[in-house]
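J.: Mind looking over this structure? Questions follow.
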Amino acid sequence: MLRALKGHVESPLIVVTRAASTNAEKLEEIRERLAKGPNFQDFVQNPDYSKSEWENYEGKLRREKGEEQRLRLPPWLKTTIPMGKNYAKIKNQLRELKLSTVCEEARCPNIGECWGGGEHGTQTATIMLMGDTCTRGCRFCSVKTARKPPPLDENEPVNTATAIASWGLDYIVLTSVDRDDLPDGGSKHIAKTVKEIKARNSNIFVECLVPDFRGDLGCVETIANCGLDVYAHNIETVEKLTPYVRDRRAHYRQTLKVLSEAKRFNPNLITKSSIMLGLGETDEEVENTLKDLREAGVDCITLGQYMQPTNKHLKVIEYVTPEKFKHWEDRGNQLGFLYTASGPLVRSSYKAGEFFITSILENRKKRQALNSKPEQ
């Protein structure tokens, strides 16, 4: 899903979605809403489509077996062209710093909202660690692959933490390529980055979207106990489709095991996963996947539309309607997820989700502080 530009090996691969509001009153309003415990949907309402616009859509939404022709993009997946002062500022800063942005290369549908500021002016960033080359080749992902990618940059943890500290962010997401060529899968490198970030700013919330480390529980424990706040690992699709969608080394049950063990190693963690829809899955299979994730103790789930990155990747089987995504949002809430983000343009590191999780973590800290106070 992510890929970086060539030629900047020494720099961390950074996707900045810094959208700082210039309106003090607006920021104060957001803080007040967080303090009162907002609903996640307060942050993810998409004004670009309404039921009246998609309900009467007569275009084809599903490819039949054997059909080669690609489906046309329905109206609810069409987004506005990125623009605005914040967008231009972010883009220029990245160029000046010679930092690579996977937002652009992956053609993320939310780039205009994130870089342009969005409705709430949230300040988040996503950083991709350990290079731009993955040892795996999932059929939905456009990251380049190799059996033995270049060695890790040993300065990356410090450089990344220093950059983050200077930005004054509230929430950071660390993601990475798979590095099966390394004995520990890069787990110590990721853990060191988290520790360096926390050493500079203990108040920043850190989410790690990590690989499965081949199911090595020692690596999972390293990440779970490194000081992060959110442990994320994506299941991607339903069990039946996993061998066709993900790399052969990725296993459905292994993903569930990683998520459940992360919670066992550190019960205070928030755990998170993501499902792509539109690959040919049935409603029953999605339902079972949601139940499996809840049984594994997963707290947060995101569901979004699969989008074919290039002609070489898996074709979209179906464009799922906003109504169906709303159904899965309701179902996730019924099953007891801490939050369910479900929508055509929702992605696993959707910034509004980060904003909402921040409020959850802040409330947890407040409760822990109150509970730790000695009785008078």
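Cβ from N, Cα, C; glycine included.
Relevant sequence annotations retrieved from Swiss-Prot are reproduced here:
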- C103, C108, C114, S349: [4Fe-4S] cluster 1 binding site (BINDING)
- 119-338: domain 'Radical SAM core' (DOMAIN)
- C134, C138, C141: [4Fe-4S] cluster 2 binding site (BINDING)
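Would you situate these features in the structure and describe their surroundings?
T.: The DSSP secondary structure for C138 ([4Fe-4S] cluster 2 binding site) is coil. When other Cβ atoms within 10 Å of the Cβ of C138 ([4Fe-4S] cluster 2 binding site) are tallied across all protein chains shown, the result is 21.
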J.: Give, as a single whole number between 0 and 100, the mean pLDDT over the domain 'Radical SAM core' (119-338).
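T.: Value for the domain 'Radical SAM core' (119-338), mean pLDDT as a whole number: 90.
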J.: Note down the number of other Cβ atoms within 10 Å of the Cβ of C141 ([4Fe-4S] cluster 2 binding site), including every protein chain shown.
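T.: 22, counting other Cβ atoms within 10 Å of C141 ([4Fe-4S] cluster 2 binding site).
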